[in-house]
Structures are given as structure tokens and as C-alpha cells.
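Here the structure comes first, spelled out in C-alpha cells, and everything after it is commentary.
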Amino acid sequence: MKERSFDFRQIEWWITTLVFVSIVLFNLISINTNRWAGTLPSPYDRIFVPTALYVVFYIFHMQLIPTYLKNRKIGPLVGWGILTFGLAFIFSTVLTVASNRSFEKLFQLFLGVIFLYISHQGGALVLKNMLTPPRVSSYYFYNLTRMILTFIVLIFFLLLGQSSVIDEGVLILFIMIFPVLLSLVLYNYYLVYGKRKAGKNKQANWYLALLLVIVFIIFFAIAAGNYQEEIILIGFLINGIILLIINPLSNLIFKKYENLTGKIFNLSTEVGQGQANLDFLRSQINPHFLFNALNTLYASALMENAEKTSDGIQKLGDMMRFMLHENQQPKISLSREIDYLRNYLDLQMLRFGSQENLDVDFQINTDGCQGQIAPMLLIPFVENAFKHGISSKEKSWIRMNLRCISGSVHLDLVNSVHPAKSTERSNETSGIGLENVKKRLNLVYPNRHQLNIVSNDSDFFVHFSVQL
């Protein structure tokens, strides 16, 4: 939930399908009941109007909008959208008139559906712009608020259609029953199942007992308020359902899900290792030739008394050896990682050090820096600072502080931010990207690292710490 955005298009499609099936089933039950009572003039509109809206939603939400997002052509979206919605409205109007029902309510339903859909898409766009990286550190709040937005729009739709084509049983199902079931499942996952999984069985039992007591108190209060003692029995029945059905079934689902995600995680790790091995093989294209060429250039620079050039060539050679050999190991000495970082900084200053508008401050305190660390863990943040923090025309700055505290490494990095311009782009394309760094940290140092990224119009700040 934190690492990536949910596939909300698919989620919204399946929610809509569930709502549609529920509407049709409840309407069929209502139709059969009223048919026996002889009170329903015509049932067709209560089946086919929801079907028409469902088909329109599928065409628009699952076909037209994805096509527009792919090719950015507004014409087909508007044209096919109007045609599809218009045909659905005409079809529904004919059924409504034939069923002797109110055309005004049908018109309000279609108009309300348009308003709700536009509001939902607009709200989703605002949430995406406000609550996704790099504005925030993870997708957690975006995923959560987007789900809440979808649920609110769903409730408004059910309220809108209740007076025309939606049975009140559907409203009860989605406003009361489903939220209660979801709350019970989430309560079980975080406070009962989760605690037991963490070995805290006593806490899990207390939380389970607390839930049962709360349910009993609720039904006891209802029974006392209505002077109906039999309602207390319903409370006992609900507690029995929680203990014998909801919790065991949800626990089974949790275990199946964790088993599946574990297999996916292992496969992803194996694929990542295979890709790393492939990249390593590609990097072995005659490295001896490259080192010999660098040694030749280094000797030539010394003969010409070009000290900066010879020093830069030597540091570049050290970095290449690091990349070809130590970078392939799972863990290396922290001192070697810091040496690589120093060489990188020296080469970058050889490149940018003459810029008058650049202000740099690199503080590297190696006191207490001992132990092993995954290679190339620190450098991506520094690469990102040089890649995006330096402008040849505007005031730029990069400030870095690296230190070791009690077996952990702490890196604070802040750099200036410049708007991307087509006429001024960095040629620096190395680095694996911050998103890949996050994935790697979750693989190598799960629950042993902290990464906070904050940005505004002028600064990009990174705080990174890892427990070795």
C-alpha cells in the first residue's frame, strides 16, 4: 500500500460490477414479490436501466478514457462518449415511459450520474497531484483517500437511484453490512491476527475479547432502549458469527494472501538477481582494454604535468574497479563505499567546481564508520543531487552530511531545484533512480532503514539512515 499506487481503474470496475449485480438481484427479488401481490406495473426498467448505465460505465471508464490517456485525442473521447450516453438515455427513456414511471426521476438519475462521475475523476486527479511521490514519501495516504472517495461517490449514487431503479436493500447492504464486515476484518487483521503473527497472543486475546464485549454492549443498549430482550440474543448470535465464521475465514484468506505474496516476492528477487547477473555480464566487455587505456592516459597526463587530469583519471579507474568487482558482492566494507563516494564527489567537482554560481558543502565524518553495507547504497542520492540540483545559469547548491552513529549510517542531503528546460538538461544519466533505491532498501534492509524525501519549489531534501 505504501510502495505503489493501487490499480484503481480495475478496483472501480469490480466495485461497479458488484454494485450492478446487487442491484439486479435485489430488483429481481422485489419484482417477484410485487408480481405475486399484483402491485408492479412493469419490471423492465428496474433491470435494463441499471444495465444501460453499467454498459456506459464500462465503455467510458474502461475503454474510452484509457485510450484518451494513451493518445491524448479528445475528439474520439467526446464523440463516442456522447453517442454512448445518448443511446443509453434514449433506451432508458423508452423503458421508463413504457413502464408508466416518472421521466423526471430518470433525467435526474442520468444527470446525477454525470455529475458524480466528473466529481470522482476530478477528485482523483487532485488527490494524485497532492498525495503521490515526490510530494509525499509514499502512496499510503493517496491509496487510502482514493478508496474513501470511491466509497463516498458510491453512497451518493445509491441514494440518487433509490427513488427510481435501486432497491433499498442495496443501500442497506453497502452502507451498513459491507462497512461493518470490512471493519471486523480489518480489526481482526491488525489487532488479532497481526498480534498473533507477531507472537503477542495475550494482546490478541484481549483485543478479541474487547471486540466481543463492544458488540454485546451495542445490542444490549438497543434491547434496553426498545424494551425487547430478544435483541440481546442477536448480539450473542453476531458474536458467534464473528468467532466461528468471520475470523476463521478471514484468517484463511490472510494466510493464502501472504503465501501468494511471499511466492511473488521470491520470484521478484530471483528475477532481480538474474537481471543483475545479466547486467554484470554486459559490463564485462573487455574491461582490461578500458583499464589499459586509462593507464595510458594517466601516464600521458603525468608526463604533461597535468595533475588534475591524472588525479581524475586515477579516481575514475578506482571507481570502475569498484563497479566491476566490489559492486557485484552482496556486502562490502563501509569504508570502501565511502571511498567510492569521495571519488565520485571529486570527479564531479572537477567537472563543476569552476562554476561561480555553485555552492557546495560536503561533510563526511568517518568516526565509528565500521561494518558491512550493501554496495552502491549511498551514491544514488548524491547522483540525484548533481543531476537535478545544478544549473549553469541559476544559483545552485548541494550540501551533504554523512556520519555514523551506533552502528548506523546517516546521510542528510539538500540540493537546489531548477525547473526542467529543454535547452538545459543534464547529461548525467547514471544512477538507478530513487524509486529503485526504495525497492532495493525494502529487499535488503526491511524494517532497518528510514528514508524521508521532502521537496518544495527551491529545495530537495533527503534524510536516509540504515542500521547495519
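Heads up, the Cβ atoms here are built off N, Cα and C, so glycines get one too.
Among the features that TrEMBL reports, domain 'Signal transduction histidine kinase internal region' is placed at 276-354. The transmembrane segment annotation in TrEMBL covers 12-31, 47-65, 77-100, 106-127, 139-159, 171-192, 204-225, 231-254.
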Tertiary contacts of the transmembrane segment (231-254), as residues 6+ beyond its ends and Cβ separation under 8 Å: 181, 184-185, 188-189, 192-193, 208, 211-212, 215-216, 218-220, 222-223
Tertiary contacts of the transmembrane segment (171-192) (same chain, 6+ residues out, Cβ under 8 Å): 19, 22, 26, 154-155, 158-159, 162, 204, 207-208, 211, 242, 246-247, 250-251, 254
Same-chain residues at least 6 beyond the ends of the transmembrane segment (77-100) whose Cβ lies under 8 Å from its Cβ atoms: 41-45, 48-49, 52-53, 55-56, 59-60, 64-65, 67-68, 106, 110, 114
Averaged pLDDT score, the domain 'Signal transduction histidine kinase internal region' (276-354): 71
